[in-house]
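In TrEMBL this protein carries:
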- A:21-43: transmembrane segment (TRANSMEM)
- A:79-104: transmembrane segment (TRANSMEM)
- A:79-292: domain 'ABC transmembrane type-1' (DOMAIN)
- A:116-136: transmembrane segment (TRANSMEM)
- A:168-188: transmembrane segment (TRANSMEM)
- A:222-244: transmembrane segment (TRANSMEM)
- A:272-293: transmembrane segment (TRANSMEM)
Amino acid sequence: MSTEVLRTKPRRSRLHRREHQVALLFIAIPLIGFLLFTLYPLLYSVYASFTSWNGLAAPKFNGLDNYIKMWNDPYFLKAMWNTLFMMIGIPIGLVLSMALALGLNRKMRGTTFFRTVYYVPVISSIAAIAILWQWAYNGDFGLVNQVLDIFGIQGPNWLADKDTVKPALIIMATWKGLGYSMLLYLAALQSVPRYLYEAASLDGAGTWQQFRNITMPMVRPVTFFLVVTSIIGGSQIFIEINIMTPLGGPEFSSASIVWYIWRQAFNNLHMGYASAMSIVLGLIIFVITVIQFRLNRRNQFSID
Amino acid sequence: MSTSTSLPGPAAAAPLLDPQAGLPGRTPVRSGRSSSSTPSALSRTSRYKLGNVLVTVILSLGAIVMLGPLLWTFSTSLKTHDAIFALPPQWIPDPVVWENYLRVWSAGPLLSGIRNSLIVAATVTVVGSLTSSVAAFAFAKMRMPFKNAAFLMLLAGLMIPFPTIMIPQFMVFAEIGWVDTLLPLIVPGLFGNIIMIFFLKQYLENVPDSIIEAAKLDGASYLQIFWRLIFPAIRPAMAAQFILWFMAVWNDYLAPIIYLNTPEKQTLQLVIASFNAQYASQTDYPLIMAASFIALLPVLIVFIVFQRQIIESVALTGGKG
């Protein structure tokens, strides 16, 4: 091939041009999709965030009004706080899933079965899960309080109490996401070279020391990946809130930021204000992602 | 712990003599440690086995917690209206009434919900997988100026969350009259999925360039190369990504709730959500749970059938679909 191509130079460039054209055609479809459905709406969102816009008349430029309004909007601040608060489920979930992965990494029977069982909530539709947990959290007849009752505990009316609604949502989210983190940890554990442990135990390192000094550093890229994707996912929590507490919960105590954006945009037609909030959300996620890329580079981690 | 005496001789020889000796605890090094800590201690092997029993018990308790709510949904869906309020609670319905699963079809647009979800998920994933794989082929194997820049731009798009672009997107689709149709859910997906492109591109890096060059010499067009060489090669990688994507579209909620108003036009997830809102006030939980269980079932079946591929793909790529 190469010798023939070298001999006939004009033909090579014609072939190359042809290849360029075909390649462009092949990637044109996703590129056009990106421009139409991501880039254009993004730019328009940025523009709309500086306008007063009800979605019916044309947007009217109003400078930084929306952004100033945001800082004085107790609902926005509350929604931000709620969203942040619900992320305390992330470290809890990571610790639990790590423990599960360590258990499943042992040489024993039934690990495949358990892996499948713990993964079932991950693939289940979040809408259906939210519906069934809403019923499970029912104060008088729900599964959660009936189980607590066996142990003599009188459970609260979880979703109707401003102090328990967020913990209830956190428990449910942890339950649903556990299998995913567990699976990634398990894959990471299985790729830790055995000889590291053998060498460490020859040096007299105990189980805890081995975990602390070998396992933890070796699975750190997965931990980073999970932390970042969980924060990005967690900052967009919406479906559970929308289904389980349709009005944002008692005293607005479960309203999340995406829920508030959605409500402002599509119920109150404050499209400009909602756009500004969505830009703030996008910026937060962007910053987190950039930090992740930095850390990734330092850790030489790639997801292939 | 002293290792100088026990390591070289028997420990090194044992694996050669006895294939079982490779199991944990058979080497003198480790049994030496356990006997030094507690003289009457069990051997390392039995301790490992005891640990397994303990771990199995804990994992089983966890498994009950994981499956409990799902089983309870199923159990509620088979109860009479009075039985759900029974105290002490009925864990197993008595009597078992399957009637809720008949009632549910006329109680709301469940059937059209399933049909709409199928239309959206099937169209998006079938067409989108094709466009994604063609693009992945070009990104991985074809020469083109600014190829990497284009790829990075698509990847960067992943950082933009849907809520940030949903408002202008909605307004555009409203302007062309697509609100309350399935088109806003279908059309953007047809242009491909960058996550799938990314993984197929990675996968294609392992396919040698020489077979493509050879096909070119034989006069094959790029489309022929794609169909005859590339597509068969990436099929296994595509299958797993396809399933994950299908489940993600099937379970989607935020985009459908924005675009679809008429009950008969809604996707399954919206239909069960409005079941929930509508029948909770009548405390008809058996009906709600029957509808939810029907919504869970298809994905559950797909998962159980393809669990090996799904789990391997997720573990390998971290992609959730």
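Cβ from N, Cα, C; glycine included.
TrEMBL does not curate its annotations; it predicts them automatically.
Within the same chain, the transmembrane segment (A:79-104) packs against the transmembrane segment (A:168-188): three or more Cβ pairs sit under 8 Å, each pair at least 6 residues apart. Tertiary neighbourhood of the transmembrane segment (A:168-188): same-chain residues 86, 88-89, 92-94, 96-98, 100-101, 104-105, 115, 118-122, 124, 126, 129-130, 133, 137, 158-159, 218-219, 221-222, 225-226, 230, 234, 237, 240-241, 244, 254, selected by CB-CB distance under 8 Å and a gap of 6+ residues from either end. The list of residues near the transmembrane segment (A:116-136) in space but at least 6 beyond its ends in sequence, with Cβ under 8 angstroms from a Cβ of it, reads 100, 142-144, 159, 168, 172, 175-180, 182-183, 239-240, 243-244. Long-range contacts of the transmembrane segment (A:272-293) within the same chain: residues 42, 45-46, 48-54, 59, 62, 66-67, 69-70, 76, 224-225, 228, 231-232, 235-236, 257-258, 260-262, 264-265, each at least 6 residues beyond the stretch ends and with a Cβ under 8 Å from a Cβ of the stretch.
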